[in-house]
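Per TrEMBL, the features are:
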- 12-36: transmembrane segment (TRANSMEM)
- 78-223: domain 'Peptidase S54 rhomboid' (DOMAIN)
- 86-104: transmembrane segment (TRANSMEM)
- 111-134: transmembrane segment (TRANSMEM)
- 140-161: transmembrane segment (TRANSMEM)
- 173-197: transmembrane segment (TRANSMEM)
- 209-232: transmembrane segment (TRANSMEM)
Amino acid sequence: MTLEDPKPESPVNPIAFIVVLTSLAMLGIEVAFSLADRQIISSNSAVRWRLDAYNAFAFDPGTLERIFVRKDYALSAIWTFFTYPFINQGMAPALFASALILALGKFVSEFYGALQFACIFVLTAVVGAVAYALVFPKGLALLGAYPPVFGLIGAYTYVLWMRLGKAGSNQLLAFRLIGVLIAIQLIFTVVIVVMGQASNGWPTWVAEVGAFVAGFSVSVLLAPGGWTSFVARMRQRP
């Protein structure tokens, strides 16, 4: 698909396999945890599945120091950059994140490509974790799919930004969605602090903003035509 000639929509609107797989994997993990929490899956180990997964797969912001200062390159530290999006705090966040991945992933995979979708998802998850660790090196573990979801929003925003530029419209309008989402996150963070619940979590919007910036930036290279197309369009601007 290109900016000029988008493909006509199929009546079936198929979604790329990698997008569906990512969404279902995330949702399936949470379903297993929820069944274990309710003791529908009954075994001695099942009751600890969620806690064990948090300990093994959530991203500890101290991981950066572990890798770059102590030179500890253990797989158990490195893989959490990639695994934390698949561990959510409950069924509601997992359902919402899965739905967003399907919706945004469909757009991103159709415009950029299925492989590019995977690259954006993984890269923005890593950048989001790094941003969070740099700002909150002693913070609580990072988990949940929202950083890479914001990365997909960044890729979506880039397309809107380019299309608005081509149409001669105000390109800042492309950032309305991310602006609203970040405002909601900031308000939520302030409410938590005012209510004295800050100890229950850390402002993960830092990871989400970092992932959004990464998603928008890498889209310059992954979009049809890549960097050459981007430069050409910038030169065409009045």
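Backbone N, Cα and C atoms are what each Cβ position is placed from, and that goes for glycine too.
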Average pLDDT across the domain 'Peptidase S54 rhomboid' (78-223), rounded to a whole number: 86
DSSP helix/strand/coil residue counts for the domain 'Peptidase S54 rhomboid' (78-223): 118 helix, 1 strand, 27 coil
